[in-house]
Every structure is written in C-alpha cells, then in structure tokens.
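What Swiss-Prot records for this protein:
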| type | residues | note |
| --- | --- | --- |
| ACT_SITE | 2 | active site |
| BINDING | 157, 160, 163 | Na(+) binding site |
C-alpha cells in the first residue's frame, strides 16, 4: 500500500509518493522508489499496489511510451487495451498515475484511463487523505505544486498506517527544468 499524489499548478506538474512497502501488517522496506521518470524525463509515473505487479505495468507503460514517441494519452490508452485483453495483465493489482507537461491520467486495475478533474491525482491506501489535503490547499492557498504535494503526503502519512514519511518527489517545470527530490 502507498500514497501517490500529483498536482498541476502554474508552470509545474509534480508527482510524489512515499517509500513504504508492506507485507500484510509488517513494514518490509521504508525507502522504496515508487515515482519514476520515463521517456527522456518528459513523463512522471507513480504506482500503487502490489510491487511486482506495479513494476510489470510500469515496464509495459514505458514500452508504450517508446512505441508512441512519448504521446502520453496514446500510451495510456494502448496499455489499457492490453490490460483488458491480456489474461496475465488482468490479474495484476496495481494503479498508475502518469503525467507530462500537458496532461495527467490514472490507469486503473480494470484497464480504465481516467483524466482527473483539475489534474489532481491521488492513488493508493493514503490517496483519499492526500487528495483531500491537496484540494484544500489548492482552493485556499497560493502554494506551488511541489509544496502542495509535500504537505499532502505528510498529511496522508500521519493518517494512513501504510504510508511513511520518506518521499520521492518529481517535478516537470514547463520551462524544462527537472527537479528530483528524495527526503526523509
């Protein structure tokens, strides 16, 4: 279980996630990296769900991005098509949250592709907590996207036992600056 949250505001899109890997009620690892850059650093993907399943989907999504020259929407739709038709994929229990400088999508375990309202995405066991925090911060502050993601992850980590305080945060600045941050 995990928390992944993405916020788009101003000239940035930011995706952040915690680092906890749990097996049942036991914490197995505290510094896993669940947010990755893909396609020449132009796409950020975060995953939630079973680790092996999530990595399988991430690899397949990256292959779709390569096949479609980084077209995020096309890659997401093609992965969803595969997900629905490939028996081995249908058994995978994972979610992907993907974003580039133009759009954001959640790819669900049912093979659905959802473009979230207001380009705010949150998935995983702490997703609802992070989403609620991010909505409140977006509507009531002028904080930048990165700060909102940091605060939303911190709030989710204080509520959800399957989310920790070790975060990986990736940012695409539309002026083409790339920022990566891991912190505890």
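Glycine is no exception: its Cβ is also placed from the backbone N, Cα and C atoms.
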>> I want to check the contact list for residue 2 (active site): same chain, sequence separation of six or more, C-beta distance under 8 angstroms. What comes out?
In response: 17, 18, 20, 34, 47, 48, 124, 125, 126, 162, 163
> To test your reading of the Na(+) site: which residues beyond 157, 160, 163, same chain only, put their Cβ within 8 Å of the Cβ centroid of those residues?
Replying inline: 3, 18, 20, 125, 126, 129, 130, 153, 156, 158, 159, 161, 162, 164
> What number of additional C-beta atoms lies within 10 angstroms of the C-beta atom of residue 157 (Na(+) binding site)?
Replying inline: 21
>> Test of understanding: give the count of other CB atoms lying within 10 angstroms of the CB of residue 163 (Na(+) binding site).
In response: 29
> In sequence order, which residues at least six apart in the same chain have a CB under 8 Å from the CB of residue 160 (Na(+) binding site)?
Replying inline: 1, 3, 125, 126, 129
